[in-house]
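Here is the structure we will look at, set down as structure tokens.
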Amino acid sequence: MSDSFKPTAIARAERAGADLRRGLPAIVAVSGGDFLVLAAEKADSATLSRLRERTGPLFLALTPERADTLKIRRYSEGAVLVPVTPETGLDDIAAAVDPADDLDHPLKGPYLAERDPGAARDAAVAGFALAKRMRLLPALLLQPIAQDDPLRADLLSVSAGDVAEAAREDWEGLERVVSARLPLDAAENARIVAYRPHGSAGQEHFAIVVGDIDASKPVLVRLHSECFTGDLLGSLKCDCGPQLRGALARIGREGAGIVLYLAQEGRGIGLLNKLRAYHLQDQGFDTVEANVRLGFGIDERHFALAARMLRDLGVARVRLLTNNPGKVAGLEAEGIAVEGRVPLVFTPNPHNEDYLRTKALKTGHLF
Ligand SMILES: Nc1nc2c(ncn2[C@@H]2O[C@H](COP(=O)(O)OP(=O)(O)OP(=O)(O)O)[C@@H](O)[C@H]2O)c(=O)[nH]1
Ligand SMILES: [Zn+2]
């Protein structure tokens with residue numbers, strides 16, 4: 001840390017992200033100009049009127065995934081900007097942003113996207129990254145802000161680089177904080193090791209280490225993405241609970257191995273957004289369609305953090321307990337040698353049959 005307490009790039013990004021979550025604007029600075037950015041799902045009528053009173057065009061920025069759902073022509077990569085006109089009401093914004101009621105009303109619109117959004121596009125892309133990190137829907141209200149605008153005094157300002165740096169610190173800064181004995185049903189000789197990023201307010205992740213790890217051979221490893229509903233509540237909608245317990249049981253039987261319990265709930269979109277996806281699944285969309293409709297990618301996880309934890313535990317070669325070839329490729333891309341794949345398949349139930357079929361058909365899972 002420098003000799004002052006001046007906020008670092010990461011602190012700026014995180015403070016701005018917290019303001020977005022509260023429904024306040026932040027400034028995103030890109031090379032073509034500065035933009036006022038707000039999380040669209042948090043906008044209320046007072047905020048919208050204040051923005052309308054300002055000079056300068058007001059846009060609704062949507063991800064390409066959400067734009068496709070709304071059949072909006074994509075003139076720009078990474079973000080689609082729709083002008084908010086005086087006729088656009090809060091209801092229209094809510095309908096464009098949140099798919100919860102897509103089926104209750106025919107598509108609003110037509111929405112006409114800006115053909116050449118220029119720097120606003122770059123600001124939107126950085127804003128999406130910030131919103132996703134804060135587990136908000138990636139949809140923004142966006143308006144240029146001048147260098148001499150008095151409003152600036154009250155607002156936090158971030159650059160696209162700040163946002164990227166915060167995301168990187170979430171895994172590059174990951175460090176071991178504590179390790180404790182944790183006798184388990186499946187293996188009495190287990191320990192739990194806690195990790196937390198040093199320089200960001202990013203998530204905590206945990207390694208459950210069973211037995212004595214012999215790193216000269218490939219180690220039996222499971223990367224398990226947190227699933228509150230499946231792991232804890234015994235939800236029948238997915239296969240997470242049986243996979244977690246199955247992995248621990250298998251590792252217990254072999255006598256040694258590691259489960260990484262990663263805070264990547266909902267394939268990285270967060271629990272609340274996963275429940276939004278479940279609400280869409282109640283309306284007939286599958287797990288992949290639901291993510292896309294919400295404006296997210298199909299899988300928002302990254303594997304660098306798992307690789308970092310494995311390296312910290314001295315592990316460079318693994319046999320991976322998974323049905324997901326994407327996990328094998330993701331871990332290999334991060335420099336961990338996956339020398340074998342060990343399937344983790346359980347009998348489906350009537351509630352997760354479709355989910356498992358979708359995984360096999362659309363995300364290449366092997367069952
Ligand atoms: N967004 C979203 N996430 C889901 C849904 N169902 C389960 N999940 C999440 O998906 C993650 C499950 O990931 P994993 O158990 O690693 O499963 P996987 O990527 O299919 O791969 P393997 O289980 O290793 O074969 C958990 O974080 C769940 O919360 C869903 O319908 N939508
Ligand atoms: Zn699950």
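Glycine too: its Cβ is placed from the backbone N, Cα and C atoms.
Listed features, source TrEMBL:
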ACT_SITE  Asp299  active site, proton acceptor
ACT_SITE  Arg301  active site, nucleophile
BINDING   Arg222, Leu223, His224, Ser225, Glu226, Gln243, Glu265, Gly266, Arg267, Thr287, Thr322, Lys327  GTP binding site
BINDING   Cys227, Cys238, Cys240  Zn(2+) binding site
DOMAIN    175-343  domain 'GTP cyclohydrolase II'
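Feature annotations (TrEMBL) mapped to structure.
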{"residue": "Arg222", "record": "GTP binding site", "contacts (Cβ under 8 Å, 6+ apart)": "Gln243, Leu244, Ala247, Ile251, Gly257, Ile258, Val259, Leu260, Leu320, Leu321, Thr322, Leu344"}
{"residue": "Glu226", "record": "GTP binding site", "contacts (Cβ under 8 Å, 6+ apart)": "Tyr261, Leu262, Ala263, Gln264, Glu265"}
{"residue": "Cys227", "record": "Zn(2+) binding site", "contacts (Cβ under 8 Å, 6+ apart)": "Ser235, Cys238, Cys240, Gly241, Leu244, Glu265, Gly266"}
{"residue": "Arg267", "record": "GTP binding site", "contacts (Cβ under 8 Å, 6+ apart)": "Ser225, Lys274, Asn291, Ile298, Asp299, Glu300, Arg301"}
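Glu265 (GTP binding site) carries a helical DSSP state (H, G or I). The GTP site in the record is lined by Arg222, Leu223, His224, Ser225, Glu226, Gln243, Glu265, Gly266, Arg267, Thr287, Thr322, Lys327, and its two most distant CA atoms lie 22 Å apart. Look at Cys240 (Zn(2+) binding site): DSSP puts it in a helix. All chains included, 20 other C-beta atoms sit within 10 angstroms of the C-beta of Cys240 (Zn(2+) binding site). For the recorded positions His224, Arg301, the ranking by surrounding Cβ atoms (within 10 Å, all protein chains) places His224 first. Proximity of the recorded positions (Arg222, Asp299, Arg301) to ligand 1: a Cβ under 6 Å from the molecule is found for none of them. In this model, the domain 'GTP cyclohydrolase II' (175-343) carries an average pLDDT of 97. With a cut-off of under 6 Å between the Cβ and any atom of ligand 2, the binding-site residues Cys227, Cys238, Arg267 reduce to Cys227, Cys238.
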